[in-house]
Amino acid sequence: MEMSYNSTGENEFNSPQNLTVPSASSPVENSVKEPCTTPLSNDTLYSNTNSPSDSCVKPLCDAASGKKSQCNKGVKYVSAEGDKLECGWGAFTPACLQFFNTPKGVLLFLCVASFLQGMIVNGFINTVITSIERRFDLHSYQSGLIASSYDIAACVCLMFVSYFGGNGHKPRWLGWGVLIMGVGSIVFALPHFTASQYEVHFSEKTGICSSNQSTPCAERVSILSNYRFVFMLGQFLHGIGATPLYTLGVTYLDENVKSNYSPVYIAIFYTAAILGPAAGYLVGGMFLNIYTQIGKQIDLTPDNTLWVGAWWIGFLGAGAAALLTAIPILGYPRRLPGSQRYIIMRVSEAHQLKDGSQETASDPDFGKTVKDLPRSLLLLLKNPTFIFLCLAGATEATLIAGMSTFGPKFLESQYSLSASEAATLFGYLVVPAGGGGTFLGGFIVNKFKLRCSGIIKLCLLCTVTSLLAVFIFFMHCPNMPMAGVTQMYDRSILLESSLNLTAACNTECDCLREIYSPVCGSDDIMYYSACHAGCKKKSILASGKTVYLECSCILENDPTGFAQAIAGKCTSSCERRTVLLVFMFFVIFFTFLCSIPALTATLRCVSDRQRSFALGIQWIVVRTLGSIPGPIAFGSMIDLSCLVWQDQCGEQGSCYVYQNSAMSRYTLCAGIVYKVVGTVFFLLACFLYKPPPPESLPGSSDASENGNCVLQENKSSLQTQAAD
């Protein structure tokens, strides 16, 4: 008697052959000579058919036969817990949706979700934060608290979500998370619709040489700053919603594909997350060129310091897209069809503790109740490989956070660029370096089929290489000459400790220190503002450029009499520009190159049932020791190189002008310190890693990955269901 079986949800590229299964009443030894099975790490495949004569389970492959064969589409895999494997919502599981019920389908929707998360949190927020400060009268520390609300929410929720979600229905946790993230974006845009319209009051003579200029320090009462609590709520929802994405999303992908392909899937997932901020910068920058009150006629231009762009459009669009993306994610089953065999064939590479307590996590009931949480946490804390991988991840996250926050500022200062030009250039640098490095890291792990120890060595190599590239920061571009800041108005050298913006040529102009709007004079010297250059008139060219005329300070250095200034900084002619960009590319590339291998090593050095929880703990460590303090540490070091501070009515604000040589020197120090510490942590993780003994990694491990049958009796982890 022969029984045909049906299989669904294969995600590999090899085509299974036919499988013939003996009836329950016929002896195994009389069955077909080459029975086909899916290779299992426990070396056995059993049938659990509905035949009444099946009082006990029988092996489908005889270990003594020693035959090898491919596995068949004739096997239909079902969850051992009896879960539904169809894609849909409740009883609504239309056949057309089953096309997406594959790892590639899951990857598609998770990539969309991670792209939206990166675009909103790391793209739109960073792009519009200055406009929000101006629109709602916020101080820098208040906007910083808004930005930090995301990480605070994530840290609060990570342990809970990763522990209970890791043992629960992951797609539902993921779907609800994306839904909450979408709601957070809509909440973030609400102040535009509930606040009063933005009114601009300015004088045509503000910023140029004229007497009795009004000071912007007049006391005024504003309740707009209270909207910071709405922004914080939106960011808090962003943090809650994104928490499952990089913990449960990663483990759900890892569980439902062959272990060799897992790094590639995860790399594609993370690459989408890196492309999101790039899109956020580009799209957000486009929206900022539209006035915040769409359709309202105003004489301002985007170059004006009083301009506020349509910052809210991106959040509405991305929020709606997130709500739509959550719907298909909520429809996925607990595990995909055919995934059970990948779970069973997986060879454990968990770090072996001296007391053997890692076996505790192999209990199927472990981790399903809150009372197991302390014991689960203790198992992770006793794993030195996991601990040092977390610490290494924190050092890398510190560099990435500092680089993403101050990278544009570094380029802006070194190459004398505008803020938008620097952000665009940095985006062009990060997308190929970060995205390419992330994808290539996963590809290398898959291509060379690296095991846990080999992956950690790859991370160590990448960190050392990027450490060598960091030494490029010994080089720097010289500061552009700036009157009253780097040199005197008569072109004599000005000491760094002194700052003198007043000269005989602009004494009668009553220039305001609070208004910083640099201009480039026809004498190739920058001035703090057109007023400080002594310019009395201005005109706007057909190209949109603002030109200032009759500049008395420039006339002293430009005897031709053609004394004028153009709004913006003077163009830098630094010969080292290309070399600096190339080496910055390599620093970013190799930093991101080890991100997916490090994540893969984390997944493999812990027990299977602890992977989601391990990622949650790792993210807590990475955020608390890296992402949150990283920008603060880098910012504090870079602030040491400031030459001109913003004067906010007697209070020190942000830095306007940096000393380029000092900025490069401090960046070099920070890069070396964190890279050396990261190298030490990867080295310790590699040295202390203790893989399972060779007998638990049978020769069948490679066979298991390649589809060969190695069989024993009395072991069963996979069920097969007879198809009609």
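Placed from the backbone N, Cα and C atoms, the Cβ positions cover glycine too.
Fair warning: this is a prediction, and the values are worked out from it, not measured in the lab.
Features as listed in TrEMBL:
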type	residues	note
COMPBIAS	1-29	compositional bias 'Polar residues'
DOMAIN	106-693	domain 'Major facilitator superfamily (MFS) profile'
DOMAIN	499-555	domain 'Kazal-like'
REGION	1-36	region 'Disordered'
TRANSMEM	106-125	transmembrane segment
TRANSMEM	145-166	transmembrane segment
TRANSMEM	173-193	transmembrane segment
TRANSMEM	229-253	transmembrane segment
TRANSMEM	265-291	transmembrane segment
TRANSMEM	311-332	transmembrane segment
TRANSMEM	385-406	transmembrane segment
TRANSMEM	426-446	transmembrane segment
TRANSMEM	458-476	transmembrane segment
TRANSMEM	579-603	transmembrane segment
TRANSMEM	672-690	transmembrane segment
Please figure out which one of 173-193, 229-253, 265-291, 311-332, 385-406 racks up the most CB pairs under 8 Å against the transmembrane segment (426-446).
265-291
Mind checking which residues of the chain, 6+ beyond the ends of the transmembrane segment (173-193), have their Cβ under 8 Å from one of its Cβ atoms?
110, 113, 116-117, 120, 136, 161, 165, 227, 230-231, 233-238, 240-245, 248-249, 252, 292, 311-312, 315-316, 318-323, 325-327, 329-332
For the transmembrane segment (385-406), could you work out the same-chain residues 6 or more beyond its ends whose Cβ comes under 8 Å from its Cβ atoms?
122, 126, 277, 351, 430, 452, 456, 459, 463, 587-588, 591-592, 594-595, 598, 601-602, 605-606, 614, 617-618, 621-623, 625-627, 629-631, 633-635, 638, 670-671, 674-675, 677-678, 681-682, 684-685, 688-690
Residues of the parent chain within Cβ reach of the transmembrane segment (145-166), under 8 Å, 6 or more residues beyond its termini:
121, 125-126, 129, 132, 138, 173, 177, 228, 231-232, 235-240, 242-244, 247-248, 251, 367, 373, 376, 609-617, 619-620, 623-624, 627-628
Using DSSP, what is the helix/strand/coil residue split across the domain 'Kazal-like' (499-555)?
7 helix, 17 strand, 33 coil
Overall pLDDT for the domain 'Major facilitator superfamily (MFS) profile' (106-693), taken as the rounded mean:
85
Chain residues outside the transmembrane segment (229-253) and at least six past its termini with a C-beta under 8 angstroms from it:
103, 106-107, 110, 113-114, 117, 120-121, 125, 132, 145-147, 149-154, 157-158, 161-162, 165-166, 170-171, 173-174, 176-185, 187-191, 262, 265-266, 269, 273, 315, 322, 599, 603, 611-612, 615-616, 619
Is the transmembrane segment (458-476) packed against any residues at least 6 beyond its ends, judged by a Cβ distance under 8 Å, and which are they?
392, 396, 414, 441, 444-445, 450, 576, 579-580, 583-584, 586-587, 589-591, 593-594, 597-598, 601, 660-661, 663-665, 667-668, 671-672, 675-676, 678-679, 682-683, 686
